Amino acid sequence: MHQVSSPGSIVVLTGAGISKESGLDTFRDHDGLWARVRIEDVATPEGYRRNPQRVQAFYNARRRELSQGSVEPNPAHLALARLEREWPGEVLVVTQNIDDLHERAGTSRLIHMHGELLKVRCERCARPLPWAADIDESSLCPECERTGTLRPHVVWFGEVPLEMDRILAALEKCSLFVSIGTSGHVYPAAGFVTAVREAGRARTVELNLEPSHGASLFHEVRTGPASELVPAFVEETLSSAAQNANL
Ligand code: APR
């Protein structure tokens, strides 16, 4: 009996670069968000305590852009949804992004490790809730019916990323790790490739507009726009799996 090696599992890490061609800003590109506002003012608990209105306004504008604008998934998001549908093993997308473009493209096995723009969290009852509208001090928590307690369900610098146990378990056992559209500056995501390399079994690939800060840690680096690189990589990965299955 010819033993077909199991197809193995795939973990895909995405960052702001995968959503750039959908019209959403990245953070550290020359025209990125951090070129316009200071991280300390809008993406830290201290900044929120200092001036909650400024932080709410920053996320209200990004929430409006996502929920009311013409922002759509691009071919890179759609290709990852195809990979999940057609790959014979498990695929997990771990995104640093807080937009909902992976979901809207059809990806279902997805972890938002930095939270979600279209959810809010009450600081009293802590439940994340779907929320597409603006938040201000009069916003009422539907759970505990207090006002002034709702904040973006977004992980700020100094806060703990979400579902790290599940992410690290998936990195430990995967046979392919792909990093897409991230600059490799922010941990723990920037350290995932090292965790995979230490597990010693996976191929590691970076797909990015330009080599990231951690590019030298990957077995393979491909540079270009995600909307071109990702569909081509998914096609190649699926057709090589099909060939192996037919051996
Ligand atoms: N296709 C592929 N990659 C792209 C594209 C594109 N069209 N456009 C930009 N990129 C790349 C850039 O070259 C850069 O390496 O995407 C990366 C974006 O990097 P950042 O702006 O640093 O975004 P990201 O890596 O997701 O930031 C990580 O930092 O500020 C925090 O919480 C925030 O989740 C974010 C985290």
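Any Cβ shown, glycine's included, is placed from N, Cα and C.
Since we're looking at a predicted model, the values are computed, not measured.
Copied from TrEMBL, the annotated features are:
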- 1-241: domain 'Deacetylase sirtuin-type' (DOMAIN)
- 15-34, 96-99, 181-183, 208-210, ALA226: NAD(+) binding site (BINDING)
- TYR59, ARG62: substrate binding site (BINDING)
- HIS114: active site, proton acceptor (ACT_SITE)
- CYS122, CYS125, CYS141, CYS144: Zn(2+) binding site (BINDING)
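Recorded features from TrEMBL, shown on the structure.
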residue : record                 : Cβ contacts under 8 Å, 6 or more apart
GLY23   : NAD(+) binding site    : GLY69, SER70, VAL71
PHE27   : NAD(+) binding site    : ALA16, LEU33, TRP34, SER183
TYR59   : substrate binding site : VAL42, LEU117, ILE135, PRO152, VAL154
ARG62   : substrate binding site : ILE98, LEU117
GLN96   : NAD(+) binding site    : LEU13, THR14, GLY15, ALA16, MET113, HIS114, THR182, VAL186, ALA189
CYS122  : Zn(2+) binding site    : LEU129, CYS141, GLU143, CYS144, ARG146, THR149, LEU150, ARG151
LEU209  : NAD(+) binding site    : GLY17, LYS20, GLY181, THR223, GLY224, PRO225, ALA226
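You'll find the Cα of CYS125 (Zn(2+) binding site) roughly 32 Å from the Cα of SER19 (NAD(+) binding site). Checked against ligand 1, the recorded positions ARG62, HIS114, CYS125, LEU209 give HIS114, LEU209 as the ones with a Cβ under 6 Å from it, listed in sequence order. Summarising the environment of ASP31 (NAD(+) binding site), the number of other Cβ atoms within 10 Å of its Cβ, over all protein chains shown, is 9.
Residues belonging to the domain 'Deacetylase sirtuin-type' (1-241) score a mean pLDDT of 95 in the model. Close to the recorded Zn(2+) site, the chain also has GLU123, ARG124, ALA126, ARG127, PRO142, GLU143, GLU145, ARG146, THR149, LEU150: residues not among CYS122, CYS125, CYS141, CYS144 whose Cβ is within 8 Å of the site's Cβ mean position. For GLY181 (NAD(+) binding site), other Cβ atoms within 10 Å of its Cβ number 27. Long-range neighbours of SER19 (NAD(+) binding site) (same chain, six or more residues apart, CB within less than 8 Å of its CB): ASN74, HIS77, ASN97, ASP99, LEU101, GLY181.
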